[in-house]
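Engineer: First the structure, which I've put down as structure tokens, then a few questions once you've had a look.
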């Protein structure tokens, strides 16, 4: 029901107490939780040991400027860099996307973390928050990359989360700090922004993360608060059967919607399976909000613990060094 954030590199007594609550489905990790590769392995183990049930551990490890784990991990290029190669050599670009996905997912899984919220399949059309996180401004190019990225993550044993549904890339505003409104008609969205999501779903994506964007010509509320977007369009028209995550409820775009309690209820009532409460100072209010609600954490079981390879196993895998070298040759990235 809730995916919460914790404050530092070790667990406090209060955080251990939070993990006892059945409403806590897992923990999302950030740069503030990272000190070293070994420390992340230890923190992952400590989180699982502290929880009385299977716990989902997640991170944003997209590459480029959104990469929470650094030292000891491959410095992954942003997706835009891979997307730029598509015009010259589509086949090579898609192979690089597969390798990028496999490398990212393998390193995260080796650290005891279940999933990275990836890939971004928003269109790259000037949004302040998306920027070089997007493959391209062309829906069909992004769709091709979405398929390749799903395949690469799955090859590494990691579930896939497409984000940010139904598309964050065509508005200017950054929902971390401002309300974003997209006035286009549904027909336009279906022929543009929804195309990569449809491709990713068809390729077997396991989860979708919602956008904190309002599309007033489709529904009056932000997409994550909208049963029309989640139940009618995503699950109904598009046939998605996986897990639906909210984006972080600490963002300014949704902060004014009834406070933490109102925001949590709005997401769950609309059909989100899991609400992200990334700021520890909001966790107590979020837990109060869900007290008495029936827990639906069973929806996440398929995302948790698909077998942890461990770093020794990954470093011994010949694919690891080969893919690292290939990406380094193309983009000048390394550990």
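The backbone N, Cα and C atoms fix where each Cβ goes, and this holds for glycine too.
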Engineer: Can you find which of 53, 68 Swiss-Prot lists as binding substrate at the same site as 60, 133, 163, 164?
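Structural biologist: Swiss-Prot lists 60, 133, 163, 164 binding substrate, and from 53, 68 it also lists 68.
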Engineer: Could you measure between residue 60 (substrate binding site) and residue 247 (active site, nucleophile) for me? Cα positions, answer in whole angstrom.
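Structural biologist: The Cα atom of residue 60 (substrate binding site) is 12 Å away from the Cα atom of residue 247 (active site, nucleophile).
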Engineer: Want to know which binding-site residues, from 68, 133, 163, 164, are within 10 Å of residue 247 (active site, nucleophile) at Cα; which are they?
Structural biologist: 163, 164
Engineer: Over all shown protein chains, what is the count of other CB atoms within 10 A of the CB belonging to residue 163 (substrate binding site)?
Structural biologist: 24
Engineer: Using a 10 Å radius around each Cβ and all protein chains in view, which of these binding-site residues has the most neighbours: 68, 133, 164?
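Structural biologist: In terms of Cβ crowding, the pick is 164.
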Engineer: Among 60, 247, all listed as recorded positions, which has the most CB atoms within 10 Å of its CB?
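Structural biologist: Comparing the recorded positions 60, 247, the most crowded Cβ belongs to 247.
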Engineer: Can you tell me whether DSSP puts residue 133 (substrate binding site) in helix, strand or coil?
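Structural biologist: Note: residue 133 (substrate binding site) is helical by DSSP.
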